[in-house]
Amino acid sequence: MGTKVRSLADRVGSTRVPDFLLGCSLILGRWDAGLPVPIDVILVAGAIFVCAFVRPTIKVRGFGFYLLLWATVLAWVIAVSIHEGEPWLQRSFRWFLLVLFSVCLAQRRLLWRSLIAGYAFALVFINIPANFTSLRGARYEGFLLGFLGDKNVAGMVYAVIGIMALAILRTTTTRTIAFLVFSATAVATGSRTSMMAFAAGCVWVFIRDRLGLTLRLVLAFLGWSVIRYVEENLARTGVFAGRAGTDWFRSVIDVATVAKVHAAPWYGEGLGTAWVLVFDDRRMWFHDSYAALRVEGGIPLLVAVVGLFVLVVWGLMDQRTKVSDEQRVVEGAAIAILVCAWKLGEVFFTVPAFIVIGVALCERYGSPIKAQEQLSLDTGQGMAVVPIAKDAQ
């Protein structure tokens, strides 16, 4: 009993309360509070401001290339938007904030375990009760929304954060409980894509270290084939048989989306153009994040963002057979994002997606900053620091 108490105390002591509370507040990110600025923008901007005064404790390998990638991407989409006469300030500023937010997580200025703990806690113990109050929106009666506003967004958040929660739990029992709880919540949102995303991510977490690179590539291909088969043949059976009307409307949007993608130049049409007119008067956003990338920033944006998630965050070509639990979970969450992006219109540029990016940089490519390096950061004289060999001590 004493060992269990000490273990619990250690876990509580390692949780930074402000970061935990920030995670809790993220469930309000899409809640319509009547403010001129979305709540998630306010929360992310506030977190970045506070983190500016927090020392980094992780040095990320290749960090400069990550920043260069996003600087190039932002410059590109802004240039395309200006060329096409599209407004670009608001959306590009949001992307900029998300990049800085991922930097805070990657450098461990913001403790990602505390953030995920708060986010997961709030999704279960705050958002679910809120779903049965007047705080819930009027749309999608019978589905789990809470403060998240849309069942597909809710499904994506529960799928991604549910997988990430596995990284902060220590025992098989607690992980099993978390898996069952978030499986139930993903189903309760009614988002079929998110259910498949959560299942695919969890399968990867379970078997990743049991397969070599070649078999993992085969598994990825087979998994994608199964997901497509389920969507095309089983998505309207059983409890989902009554969705013929909504699925028909979605198919109308998808047809218009394909037409707009084919008509878009290779460099894209600019920020905020991922929408179509249906029935001549209804403006609807894309239900496909890959198509949104292609239309807004063209082939360069599509290749850059998808390449980042597949090669850097997921690490699909990683030769290692064994990786840490944290890395396996991040890879599973990346898969969930890639699956959700197939049928949801805004997935890649969301807070959960950039949380996964930040944690991936921290856990896969990060190493603790040594005392001398920390001293050089504090004094601003990094070039003058000379490592001392052990033999000379």
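Each residue, glycine too, has its Cβ placed from N, Cα and C.
Those TrEMBL annotations? Automatic predictions, nothing curated.
Residues 18, 22, 25-26, 28-29, 94, 97-98, 100-101, 104, 109-110, 351 of the same chain sit 6 or more residues outside the transmembrane segment (35-54) yet have a Cβ under 8 Å from a Cβ within it. Here TrEMBL flags 35-54 (among others) as transmembrane segment.
Taken from TrEMBL, the feature transmembrane segment applies to 63-82 (among others).
Look at TrEMBL and you will find 88-107 (among others) tagged as transmembrane segment.
Annotation comment: TrEMBL describes 114-132 (among others) as transmembrane segment.
If you look up TrEMBL, you'll see 152-169 (among others) marked as transmembrane segment. Within the chain carrying the transmembrane segment (152-169), a Cβ under 8 angstroms from the stretch's Cβ atoms is held by residues 27, 30, 113, 116-117, 119-120, 123, 143-146, 175, 178-179, 181-183, 185-186, 189-191, 193-195, 197-198, 201-202, 205, 325-326, 329-330, 332-333, 336-337, 340, 343-344, 347, 350, 352-353, 355-356, 359, all 6 or more beyond its ends.
The transmembrane segment annotation in TrEMBL covers 176-207 (among others). Cβ atoms under 8 Å from those of the transmembrane segment (176-207) belong to residues 120, 123-124, 128, 140, 142-145, 151-152, 154-156, 158-163, 165-166, 169, 219, 223, 227, 230-231, 235, 240, 328-329, 331-337, 339-340, 342-344 of the same chain, restricted to positions at least 6 beyond its ends.
Taken from TrEMBL, the feature transmembrane segment covers 213-230 (among others). Under 8 Å from some Cβ of the transmembrane segment (213-230) lie the Cβ atoms of residues 196, 200, 203-204, 207, 316-319, 321, 335, 339, 342, all in the same chain and six or more residues away from its ends.
Sequence-distant contacts of the transmembrane segment (291-314) (same chain, six or more residues past either end, CB-CB distance under 8 Å): 66, 69, 72-73, 76-77, 80, 257-258, 260-261, 264-274, 285, 330-331, 334-335, 337-338, 345-346, 348, 356-357, 360-361. Annotation source TrEMBL lists transmembrane segment at 291-314 (among others).
Annotation source TrEMBL lists transmembrane segment at 334-362 (among others).
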Considering the transmembrane segment (334-362), which listed stretch of 63-82, 88-107, 114-132 counts the most C-beta pairs under 8 Å:
88-107
